[in-house]
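According to Swiss-Prot, the transmembrane segment annotation covers 1-21, 92-112, 133-153, 177-197, 219-239, on the basis of sequence analysis. Annotated domain 'PTS EIIC type-4' per Swiss-Prot: 3-237, in sequence order.
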Amino acid sequence: MAISTIQIILIFIWSSVVGMGSVLDEFQTHRPLIACSIMGLILGDPKTGIILGGTLELIALGWMNIGAAQSPDSALASTISTILVIVGNQDIQKGIAIALPVAAAGQVLTVLARTVTVAFQHAADREAEKANFTAIIWLHFTALIVQALRVSIPTTIVAVFVSPEEIKSMLDALPEVITGGLAVAGGFIVVVGYAMILNMMSVKYLMPFFYQGFVLGGYLKLSLLAWGAVGLIFAIVYVQLNPKFATNHNNGTGGSGGTVAAAGDHPAALPEDELDD
């Protein structure tokens, strides 16, 4: 498929939003599930965008910045891989093979962009000494634009200068050992990502629910949506039966009914005029 001028403009705008989202973290627009889905919608194939985004999201679950160490750039990997997969009419496995090296290249661009923005922060410090708030605001927005261009420029270059025929021939030229190896590595990364998250979320008194999910999953043929609903129900029931929640409810924080019950059970909690009567 050929990319129209309107699509190129929308790609530039959306990739800029994705780049800013990678440092703002407020709306999570840099996450693969969101970035790929919207990019797929722009290119007219939201289904492929959602599938690719969900697959890359599993891989990127364990990616996180630790101190000054930058994780692979899921934002740039999401935008470029979606364009190459949809425009080049490739499968999801090829998209994973594309995304992993692009994420590594984006990691270098992230370090470079963050290094450049340090100069803007020092300039903002100097303006703060002069109480020049307008300049401080503009300097912060300018630093944010650097993060936007970090993703939008490479993505737009790929969308403008790489034709579908070139994409197809380039990806088809990759040896099977490379694409297959990257696909297997991507599967390992998914497992590692899940393991890291489960290790952080590991709470002994919640582990029975975790094991119960595997047991039920082996016998009940339910969809992921149904399992999500079952998990939500278990969570609600657990919170309602939790002694801490019950204590707060009995103390009156759960509503007017709880307050009346607490007052009836404890005469000392009644007003003084009622005690005098």
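Keep in mind that glycine also has a Cβ here, set from the backbone N, Cα and C atoms.
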Mean predicted confidence [pLDDT] for the domain 'PTS EIIC type-4' (3-237):
83
Beyond the flanks of the transmembrane segment (1-21) by 6 or more, those residues with Cβ under 8 Å of it:
27-30, 35, 38-39, 42-44, 75, 78-79, 83, 86-87, 89, 144, 147-152, 155-156, 159-160, 163-164
